[in-house]
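As written in Swiss-Prot, here are the features:
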ACT_SITE  GLU207  active site, proton donor
ACT_SITE  LYS335  active site, proton acceptor
BINDING   GLN165, LYS335, ARG364, SER365, LYS386  (2R)-2-phosphoglycerate binding site
BINDING   ASP244, GLU283, ASP310  Mg(2+) binding site
Amino acid sequence: MFDVVISDIEAREILDSRGYPTLYVKVITNTGIFGEACVPSGASTGIKEALELRDQDPKRYQGKGVLQAVANVEKVLLPALQGFSVFDQITADAIMIDADGTSNKEKLGANAILGVSLALAKAAAATLERPLYRYLGGAFSHVLPCPMMNLINGGMHATNGLQFQEFMIRPISAPSLTEAVRMGAEVFHTLKKILQNRQLSTGVGDEGGFAPQLASNSEALDLLLAAIEKAGFIPGEDISLALDCAASSFYNTQDKTYDGKSAADQVAVLTELCDRYPIDSIEDGLAEEDFEGWKLLSETLGDRIQLVGDDLFVTNSALIAEGIAQGLANAVLIKPNQIGTLTETAEAIRLATTQGYATILSHRSGETEDTTIADLAVAFNTGQIKTGSLSRSERIAKYNRLIAIEEEIGPEAVFQDSNPFSKA
């Protein structure tokens, strides 16, 4: 094949699932083949994430416009990349990082850089007439991830007063991804009927989970147990529970307390919940700045359940290495837009995996119809994925893509939960 190079890059301002602006990017090759990507955006963000560039113009989208990021793609990144091989992902990502020149991509914006990075990979895959997961992962990419399904939303993803952000189910006994989706959907619809019977709201939050007014985190977990059982499954055997506490959102940095409680109290609360419920994964149980609290949590529960660092690590290899050295957590949440390039995302996964940490590919609360993370989860054999509830089309699109990938791979497809504490 003759050299296939980057000929043009187009970008535009579009809307995400919350109605806020984000970027669409299209990388076009000299053969006319192209790749497209839409960039997600988070509501609950880590303080060390790569910067998502916003215009800060109060006259447009309440300051959340991304026209400057669009301009950076077309006026800075295109000239820097034009003529480079569409297959040289590492070099292209390095060129964009150098063009930005900052530690957190604040000059050009991680949203601008990531859009180009993902669209480039898709253009390369399309050129070879391969699906993205096969282009990136090769012949050994055949593991379908266990989904962590966010059925009840709280925290910064809803306005219902729940302290924790996500109350999830994990269909651990499913023999396939397709069956895992079925199990999740059946529990979702059963939960809806239970909420209706109790005259609780069936409105949904940012990630498609229900957002009823509940008195406590325990009440949310009780509802999940009731839905699992009524749907015909056994809690802890067929379907386990998982939490995203997003503890940084209720952490007081001045007195280092969690809604007035100490780190030890917070660990005790989580331990008690694990004693009462079939929970096998907790994300961001302590705040990202509370290293001592994380050490206590890891010492207390690290040999019982999966402890996932999201805000703690923000998909940053340096922070992951630091956390591993200190014995913090035992799993890493992977969000490409936290770091800003596909190359750095892959490096974070490689580092975590080689050190025995599980990895979970994740969406953001502000999503689009883009299904790239489904392909990435399979490409890198993460074994787990977070992509929301069983409602809202921007969430369902990822599940539908995973179902299609499983069918494409055929008999070699393996549904594998990478959580080492799963009881299935």
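Glycine is no exception: its Cβ is also placed from the backbone N, Cα and C atoms.
Rounded to a whole value, the Cα-Cα separation of GLN165 ((2R)-2-phosphoglycerate binding site) and GLU283 (Mg(2+) binding site) is 10 Å. Rounded to the nearest whole angstrom, the C-alpha distance between ASP310 (Mg(2+) binding site) and the residue listed as 'active site, proton donor' is 17. Shown in sequence order, PRO40, GLY42, ASP310, VAL314, THR315, SER362, HIS363, ARG364 are the residues of the chain, 6+ apart in sequence, with a C-beta less than 8 angstroms from the C-beta of LYS335 (active site, proton acceptor). Across the fold, the C-alpha of GLU283 (Mg(2+) binding site) and the C-alpha of GLU207 (active site, proton donor) stand 16 Å from each other. Of all Cβ atoms in the shown protein chains, 28 besides its own fall within 10 Å of the Cβ of LYS386 ((2R)-2-phosphoglycerate binding site). The Cβ neighbour count for SER365 ((2R)-2-phosphoglycerate binding site), using a 10 Å radius over every protein chain in view, is 23. Cβ neighbour count for GLU283 (Mg(2+) binding site): 28 (other Cβ atoms within 10 Å of its Cβ, all protein chains included).
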